[in-house]
Amino acid sequence: PVAGEENQYIAYVAYPLDLFEEGSVTNMFTSIVGNVFGFKALRALRLEDLRIPTAYVKTFQGPPHGIQVERDKLNKYGRPLLGCTIKPKLGLSAKNYGRAVYECLRGGLDFTKDDENVNSQPFMRWRDRFLFCAEALYKAQAETGEIKGHYLNATAGTCEEMMKRAIFARELGVPIVMHDYLTGGFTANTSLAHYCRDNGLLLHIHRAMHAVIDRQKNHGIHFRVLAKALRMSGGDHIHSGTVVGKLEGERDI
């Protein structure tokens, strides 16, 4: 029973390992939470945690690189890396967006980033944004003598289009791309993570849509589970909101 709650119980469920496809977060989630949440016998259900056997974890590639490789790429050690999201995130032309990126990087930031829904809209197509951001990046690098980065959002409507954007980012020579892993899907995210590892790109992850799944305390999936799934699927770091800002969170964490 759950302390202080009526008709709530904690259940521990174990599954044979052979029920799961190796290296597939998609299959793991389909098997564990794909159907049970819809059972009419349940009023609510929440997946609080997963304990994943080491033998299964080892079938996943995991993060493309990690913090040490990121610091080596940037040649920045012994301090936090400081960045910001470009605002207003929607409505700027690609040229004005690139200007904002330049001013932030020239002013001292290590990184700037696209926001989660900056994809390829009529006012700013993705290729134009990538080109102007790369120009801003290299201009700021030349003037400061530091290695800079901009998280180019490769999220797209199809996996093929997503990969096209990631490939173009690599051709421009930028150090990092980003992806919305929940709205984009685990299959797409894992494919992108594999490409990033093979081609030396860092991968930043945005958690857009997470609160639909994890915010209610008596139903859904705890974010620790979504974070474990992401670590298996692949991502070098994840957006978590500002320390004190507009997003819901526990202050003591």
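Backbone N, Cα and C atoms are what each Cβ position is placed from, and that goes for glycine too.
For the recorded site, Lys87 (active site, proton acceptor), the DSSP three-state label reads coil. What Swiss-Prot lists as active site, proton acceptor is Lys87 (among others), and the listing cites similarity to another entry.
Marked as active site, proton acceptor by Swiss-Prot: His206 (among others). Taken residue by residue with DSSP, His206 (active site, proton acceptor) is part of a strand.
Its own atom aside, the Cβ of Asn35 (substrate binding site) has 9 Cβ atoms within 10 angstroms in the protein chains shown. Following the DSSP three-state reduction, the secondary structure of Asn35 (substrate binding site) is coil. The substrate binding site feature in Swiss-Prot is assigned to Asn35, Thr85, Lys89, Arg207, His239.
Taking Cβ-Cβ distances under 8 Å and a sequence gap of 6 or more within the same chain, the neighbours of Lys113 (Mg(2+) binding site) are Gly83, Cys84, Thr85, Ile86, His150, Tyr151, Asn153, Met178, His204. If you look up Swiss-Prot, you'll see Lys113, Asp115, Glu116 marked as Mg(2+) binding site, on the strength of sequence analysis.
If you look up Swiss-Prot, you'll see Lys113 marked as N6-carboxylysine.
Taken from Swiss-Prot, the feature site 'Transition state stabilizer' applies to Lys246, supported by similarity to another entry.
Considering only the recorded positions Asn35, Lys87, Lys89, the residues lying within 10 A of Glu116 (Mg(2+) binding site) on a C-alpha to C-alpha basis are Lys89. Taking the mean position of the Cβ atoms of Lys113, Asp115, Glu116 as the Mg(2+) site, the remaining residues of that chain whose Cβ falls within 8 Å of it are Thr85, Lys89, Asp114, Asn117, Val118, Tyr151, Asn153, Met178, His206, His239.
Its Cβ placed at the centre, Asp115 (Mg(2+) binding site) has 19 other Cβ atoms within 10 Å. Take the recorded positions Thr85, His206: by the count of other Cβ atoms within 10 Å of each Cβ, the lowest one is Thr85.
Spatially, by CA atoms, the recorded positions Asn35, Lys87, Lys89, Asp115, His239 include one closest to His206 (active site, proton acceptor), and that is His239. Look at the Cβ of each of the recorded positions Lys87, Lys89, Arg207, His239 and count the other Cβ atoms within 10 Å; the largest number goes with Arg207.
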